[in-house]
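Colleague: According to Swiss-Prot, the record shows the following:
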BINDING   Gly9, Ser10, Gly45, Arg49, Thr140, Phe146, Asp149  ATP binding site
BINDING   Gly44, Asp66, Thr114, Val115, Pro116, Gly117, His118, Thr119, Thr120  UMP binding site
Amino acid sequence: MRIIVSIGGSVLAPDLEAGRVEAHADAIDSLVADGHEVAAVVGGGDVARQYIDSARDLGATEYDLDALGIDVTRLNARLLVTALNSSAIPEPAESHEDARASMRRGEVAVMGGTVPGHTTDAVAAMLAEMVEADLLIYATSVPGVFSADPNEDPSAERFDRLEASKLVDVISSIETTAGSNAPVDLLAAKVIERSGLRAIVLDGTAPERIADAVDGDPVGTEVLPNE
């Protein structure tokens, strides 16, 4: 299979802990060893938010804040490249075209953000669309997609599976609720819907769940193309 794995920055390296990065690299290496084509997109996490908060206090524009966040995602991506044993791209790709070219060469493409205004959630969905991926995995800090933000609404229920149109509706509702956080952003959800991508949103704090998802084990929430 052709697989795109999106790893949240706070999941990959919450405290820049080498062991965590290595565990995620091992998960990707195992997919490659099983014959899959793999690319990884890495987020910025708490480190990016700390830089952004400081820069905002210093008067940076929203564009500059986005650019700063992208820089951090690429640093995290470079950490992952360093940990990979498989034939990873020598340095993080800075565009979808570069990542696609890397995959065509048989490399593991690794990238962070691309342009201001696009989260790494969206970057991963766009890459999956571009390379016609068989599966898009979001390794997040939550165990799937819920009917509402479970941190804000204790009655929120997790979906085992849902169609992409329902994902768009759920994410749209969560993003318009003050203080709530969605497991993937709305642009990513819309790209998933328009492309008919199959996606799985899972708790990536245990990296082995990535391989479990590829093997078809019931982990997280499966997003299916609209009927």
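Even glycines carry a Cβ here, placed using N, Cα and C.
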Colleague: For Thr140 (ATP binding site), which of the binding-site residues Gly44, Thr114, Pro116, His118 has the nearest Cα in space?
Modeller: Gly44
Colleague: When you measure from the Cβ of Pro116 (UMP binding site), which residues in the chain that are at least 6 apart have a Cβ under 8 Å away?
Modeller: Glu62, Tyr63, Asp66, Ala67, Ile70
Colleague: Give me the Cα-Cα distance between Gly45 (ATP binding site) and His118 (UMP binding site), rounded to a whole Å.
Modeller: 15
Colleague: Taking DSSP as the reference, which of helix, strand or coil describes Gly44 (UMP binding site)?
Modeller: coil
Colleague: So how many other Cβ atoms are close to Ser10 (ATP binding site), meaning within 10 Å of its Cβ?
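Modeller: Taking every protein chain into account, the count is 20.
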Colleague: Checking the contact step here: among the binding-site residues Gly44, Thr114, His118, Thr120, which have a Cα within 10 Å of the Cα of Ser10 (ATP binding site)?
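Modeller: Within 10 Å Cα-Cα: Gly44.
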Colleague: Which of these binding-site residues is closest to Gly9 (ATP binding site) if you go by CA atoms: Gly44, Thr114, His118, Thr120?
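Modeller: Nearest listed residue in space: Gly44.
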Colleague: Reported as an integer number of Å, what is the Cα distance between Asp149 (ATP binding site) and Thr120 (UMP binding site)?
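Modeller: The separation of the Cα atoms works out to 20 Å.
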